[in-house]
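These features come from TrEMBL:
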type: TRANSMEM; residues: 6-24; note: transmembrane segment
type: TRANSMEM; residues: 36-55; note: transmembrane segment
type: TRANSMEM; residues: 91-115; note: transmembrane segment
type: TRANSMEM; residues: 135-155; note: transmembrane segment
type: TRANSMEM; residues: 184-206; note: transmembrane segment
type: TRANSMEM; residues: 247-266; note: transmembrane segment
type: TRANSMEM; residues: 308-338; note: transmembrane segment
type: TRANSMEM; residues: 350-373; note: transmembrane segment
Amino acid sequence: HLHCLLFGVLGWVSVILSFCWVYIRKYQSRQESEVISTITAICALAIALITSALLPVDIFLVSYMKHPNGTYKEWAENNETRGQIEDTVLYAYYSLYSLLLFCVFLWIPFVYFYYEEKDDDNINKCSQVKNALKYTIGFIIVCAALLLIGAFVPLEAPPNQNGTQWEKMQYLFEELGNNHGVPALSFSISSLTLIGMLAVITYTAYGMSVLPLNLIKGTRSVVYERLENTEDIEEVEHQMEKIKAKILLGIFFILFALLFVVALFISNLDKALHSAGISSGFMVFGTNLTNPLNELLLTLQPVFPLDYVLITVITMYFVFTSMAGIRNMGIWFFWIRLYKIRPKRTRPQALLFLCMILLLIVLHTSFMIYSLAPQYVMYGSQNYLLQVTPGWVCGGRAGCGVGLSMSGEEVGGWVGVCVGGVISCVKKQVINNVRNLSKDILMSVNPHH
């Protein structure tokens, strides 16, 4: 089954690359097309979509470890085996996040400035590359600053305060090596996630409104006008049926957006009422209030693979509404419109900006989806066993996340062990690193606080 999953993932990657090629070629200007910018845009968009597609895979692997009765499958009974699978997914997350950093701070800026320098007819290739690198250095400095702050500020002070400066530095680098650079990457991710939140508020929210409205409103094509003028009644009626179908699809997307609004409101209310507060990043393990989207996903679990299809649709929905928002609004800097996104007339710089914004949006939505359906995203379709007498009672079970902590502690008579999804661990690491950094900054500003 895992081999089939691997082939399925490779198949999805092929589909994503094909879609990215078609999408970029659809909007790319035919007069100003550039091979380097085209390849960059396709790869950046593919990285964004693959990062989004990793979440359903993560949830599937976590759910696939257990039988419906709450017991582990034979191949997953070994803690080492489960740990290897979780580490593989974790490395996949951080590898993709590292690629996001590389694209945002180095690859896309360099290609953008390289193409900008091409407008000068009197410049040669070497000067073009040098000038592009010169402007890209600013982005590299920002990235390096984020990585250094995230790497060294949260570290504990050396135990031997009387040691030499070299010993203190050696201790800090050893601690950094033990953490494998995760705090540095986590802080950089959290910083980009904040920017991604602004992009979600600007573009995704607008796209969630404009996409269904455009479907409902529809457009009258030249073909339709010609058919109407020639009074070809049968063809006209066929066109009208297609338009009615798009009205129906637009209404569905509106209801879908309202479902997200309700789910986010209930999830945030749950965090405000039942989490440990800002010290834990307002994280709650499971649900205490009825979340309609979470309940819908749990209801679809018995019919494989409806729940995975739905979570995939939700993930892609955010991506496509973001693309619709950017396409309709264009690229803006405050009140100044920089570029328009139009079929076959979009400049390479605009496509690069579009891909960079999508990378930031995907980074934020991967954490936002956790808030939409926290129980399902964290535990998938796992169940755990009920212990009423010494020994496990296989007949008694409940969904993970209901009255159970992440470590499987007993709460209200329920006992068991649930394997949390890797995305929840990544989010927890990001929150912990940012919280520790905030404490260190506060202590440095006010040591007596």
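Any Cβ shown, glycine's included, is placed from N, Cα and C.
Curation plays no part in TrEMBL annotations; they are all automatic predictions.
The transmembrane segment (247-266) is not in contact with the transmembrane segment (36-55), judged by fewer than 3 CB-CB distances under 8 Å for residue pairs 6 or more apart in sequence. Tertiary proximity for the transmembrane segment (36-55) is limited to same-chain residues at least six positions away from its ends with a CB under 8 Å from its CB atoms, namely 12-13, 16-17, 19-21, 23-25, 28, 89, 92-93, 96-97, 99-100, 103, 107-108, 111-112, 114-115, 311-312, 315-316, 318-319, 348-349, 351-352, 354-356, 358-359, 361-363, 365-366, 369, 377, 423. Simply put, out of 91-115, 135-155, 308-338, 350-373, 350-373 has the most Cβ pairs sitting under 8 Å from the transmembrane segment (184-206). The transmembrane segment (350-373) makes contact with the transmembrane segment (91-115), as judged by at least three Cβ pairs under 8 Å among residues 6 or more apart in sequence. Of the two recorded stretches, the transmembrane segment (135-155) lies close to the transmembrane segment (91-115), with three or more CB pairs under 8 Å once pairs fewer than 6 apart in sequence are set aside. Cβ atoms under 8 Å from those of the transmembrane segment (91-115) belong to residues 34, 36-37, 40, 43-44, 47-48, 50-51, 54, 58, 128-129, 131-133, 135-136, 139-140, 142-143, 182, 185, 188-189, 192, 348-349, 352-353, 355-356, 359-360, 362-363, 422-423, 426 of the same chain, restricted to positions at least 6 beyond its ends.
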